[in-house]
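Engineer: What follows is a single structure, and I will ask about it in a moment.
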Amino acid sequence: MSAPAADHNAAKPIPHVPQASRRYKNSYNGFVYNIHTWLYDVSVFLFNILFTIFFREIKVRGAYNVPEVGVPTILVCAPHANQFIDPALVMSQTRLLKTSAGKSRSRMPCFVTAESSFKKRFISFFGHAMGGIPVPRIQDNLKPVDENLEIYAPDLKNHPEIIKGRSKNPQTTPVNFTKRFSAKSLLGLPDYLSNAQIKEIPDDETIILSSPFRTSKSKVVELLTNGTNFKYAEKIDNTETFQSVFDHLHTKGCVGIFPEGGSHDRPSLLPIKAGVAIMALGAVAADPTMKVAVVPCGLHYFHRNKFRSRAVLEYGEPIVVDGKYGEMYKDSPRETVSKLLKKITNSLFSVTENAPDYDTLMVIQAARRLYQPVKVRLPLPAIVEINRRLLFGYSKFKDDPRIIHLKKLVYDYNRKLDSVGLKDHQVMQLKTTKLEALRCFVTLIVRLIKFSVFAILSLPGSILFTPIFIICRVYSEKKAKEGLKKSLVKIKGTDLLATWKLIVALILAPILYVTYSILLIILARKQHYCRIWVPSNNAFIQFVYFYALLVFTTYSSLKTGEIGVDLFKSLRPLFVSIVYPGKKIEEIQTTRKNLSLELTAVCNDLGPLVFPDYDKLATEIFSKRDGYDVSSDAESSISRMSVQSRSRSSSIHSIGSLASNALSRVNSRGSLTDIPIFSDAKQGQWKSEGETSEDEDEFDEKNPAIVQTARSSDLNKENSRNTNISSKIASLVRQKREHEKKE
């Protein structure tokens, strides 16, 4: 346990208030530069190279919300959709803010990371280099119990929380639950089917669970009915982790955390646990003179698991936790944690997109494209903001007959496009007259020639990199299957694909290119004609020369191949214009026009009821038509409106309970021993998930070649209005969760 700090108002120490350590040396607070800081910067440099190659574009939004160096900060990040890429992206982009937002905002977040990740040698190296704070997770410690012991549910239908035990050989292996196990520990079924926490152990053969095993799978029902072997993990002590976080904050550092816990591929956030709130409250309770800024950070990926995709990183408005919160935490910890946790959850809604299921997400994205004027190109941050607002509007009016009707029409329209093989942004590009068809034919031939040229130019690098492409794909899919088997919340395991592609490429690429270089040196020494293009007979110089040449060839092929792929994507609408009957094309275009008009009318009617600045958004962004590039105007407009009246959009449908059951563990006599830091990641009421976006294709085809401590009173008023919007979301969340519980 952490050493208790003396309460200023009472002589008796308070267990849940940590010690404010003044002797802790923090190499990552921005005030010192040593070997640890240098390793951090080297890691950021490497990550930046990797992300420049893997992502086509990374946009950072709301950089002004990141507190300056010297302000204790917690970056609360969500959704955790790309395993190790997520924290690496946040760390690198936050450190690189010195180039866009000034050196004073260049922070070095140290992430709270699952202890199991530090057991992976490659991940452990970067984890230690970047000041990672390990946290044990109870589910990672599950181990098989004696095979002679079995558990079963005597009345699974009426009392699923009551678990009985029996022994195959009572003489040599007695059950003895009271001696073997303890409350707040974890039981697990075979093959990672389900886990459940122990509430109490009334006798040697009975266990009462805090919540029953999930019985959605028939295999679980079969095992609990007939009896099964099981796994067990002793309750964990998070005191050391909390103290490490407090030490970072007390020395004016920056801590990062994904409060959902492990990564997942669901379309909405997992429940947020109380640990993140206790980190901020414990720090200010120990030192009432300090203020902690809790900054929400949202990550948005367009095709997250694909090479050359796009990403948007968004920092939201900070929540300032001060000494007043600390005093409240000392007097009534549970209520204070609940209050702050709600604020943090609301703030995460403001920077993330949340849909109840995959179909709704696809409909919302299609609705945004239909609402957006055909030839207007919006920047990625604007697309993210509009998607978020549409999701929130849908959540509020989903039972409105007009919304139900529109959802069906949009869904049918998407199916029609799928049958033709078109994307929405390609529909209005289709031509119907004979003259236009002739022009399309000529354009098709020209683009085919260009595509062939770029394909040939990209061949050398593609051939060189083919072994890595193949191994990356095979190994990442293998890891995704393994992760899916172990996880209780993943759907397809797509959150693991990009991470393992990058890790495998990072390890294999240097090995492969060293091998290529050595082979070329041997070839140059044996073949005399090769000396024409080899600069020297020195083996080291030859190695450097060949290695650089191979890297340059691969990178050149990457860039030319990228243009070739964009050209290839633009061929389909030309082909459809030539081959498909004009009436069928006109029918699809008419359907789109009518659907766009109806959708716009409904948005214009309902939008102002949800967002006070709706008219301003529509006027400033969508009044620009006919090919006008509104990237700069729209981005600045969206940024201003994000500060003035953020939409706080969320799907509301599948977010976990705001008042986490972890709060019951916080009381005036409690400690930090078993407070959960990460979400339990229990499976909710989600239906399905996937991820597709036309925005990359649309951009590609059209282009083939703490807020400062002292804020003004006006901004305080705006923040108050933001809080009102967040409260509406919180209310909807609670209503939805209560409804799910009743079901």
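Every residue, even glycine, has its Cβ placed from backbone N, Cα and C.
In case it's useful when we look at the structure, here is the feature table from Swiss-Prot:
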MOD_RES   SER632  phosphoserine
MOD_RES   SER637  phosphoserine
MOD_RES   SER647  phosphoserine
MOD_RES   SER651  phosphoserine
MOD_RES   SER654  phosphoserine
MOD_RES   SER664  phosphoserine
MOD_RES   SER668  phosphoserine
MOD_RES   SER671  phosphoserine
MOD_RES   THR673  phosphothreonine
MOD_RES   SER688  phosphoserine
MOD_RES   THR692  phosphothreonine
MOD_RES   SER693  phosphoserine
REGION    682-743  region 'Disordered'
TOPO_DOM  1-34  topological domain 'Lumenal'
TOPO_DOM  523-531  topological domain 'Lumenal'
TRANSMEM  35-55  transmembrane segment
TRANSMEM  443-457  transmembrane segment
TRANSMEM  459-473  transmembrane segment
TRANSMEM  502-522  transmembrane segment
TRANSMEM  532-552  transmembrane segment
Engineer: Which sequence positions outside the transmembrane segment (443-457), separated from its termini by at least 6 residues, show Cβ-Cβ distances below 8 Å to it?
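Structural biologist: 556-557, 560-561, 563-564, 567-568, 570-571, 574-575, 578.
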Engineer: Sort out the residues at least 6 away from either end of the transmembrane segment (35-55), same chain, that have Cβ-Cβ distances under 8 Å to it, and list them.
Structural biologist: 27-28, 88-89, 91-92, 95-96, 108, 126, 129-131, 307-311, 498, 501-502, 506, 558
Engineer: Average the per-residue pLDDT over the topological domain 'Lumenal' (523-531) and send me the rounded value.
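Structural biologist: On average, pLDDT over the topological domain 'Lumenal' (523-531) sits at 68.
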